[in-house]
Ligand SMILES: *Cc1c(COP(=O)(O)O)cnc(C)c1O
């Protein structure tokens, strides 16, 4: 297909998306894994719906958003692209949980029972169950969202009993590090949590970890979903 030369912008997103897939394939190969086991989530927060449409045009279907109202507006603007799968990946405030339950297919940032309970009640009965990841905080920084490793079993137990929620696995955002050895250490800790959880809930299939700065380390530690924003859509202001 000939790129639209008048729209360089669109070509750029397509090219960056191709590079992101190549990077995943290369990381998978180095980890002796099959790249088909790894989903690329394109993180489009703060970017306009035209950017999402450009990525869609290039075949991308999984998108991640972090700010509820901004996301709901973009989802409405793009409602014609009905096969997009929308993932909510930002912190969830109680007063916004209904919007999340009504507009998303996945929520990756469930870190407390109170929010799980609200999402379950607010997810309408004629919708398929909401896919849920438990967000885990493995770094000790207090400000970060996510439950502690110790809290995973209780939260998983609760979610697994919710009719309108389907537990799919774990998500984490480890403390930023430029040191690959440090990155791998955090991701391996998460892999251990995931393996433990999977022993109890064999149907879970998603370990969401790795972003623009640490895709390789995450894939070497078993990530099944990398969340890439900057490398596809450019820096955020
Ligand atoms: C913003 C964000 C990303 C994407 O980060 P980049 O460094 O831009 O790739 C991934 N995951 C979460 C939870 C985010 O909030």
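Using N, Cα and C of the backbone, Cβ positions are placed for all residues, glycine too.
Annotated domain 'Alanine racemase N-terminal' per TrEMBL: 24-236, in sequence order. Residues or ranges marked as N6-(pyridoxal phosphate)lysine by TrEMBL: 45.
DSSP assigns residue 45 (N6-(pyridoxal phosphate)lysine) to coil, not to a helix or a strand.
The predicted model assigns the domain 'Alanine racemase N-terminal' (24-236) a mean pLDDT of 96.
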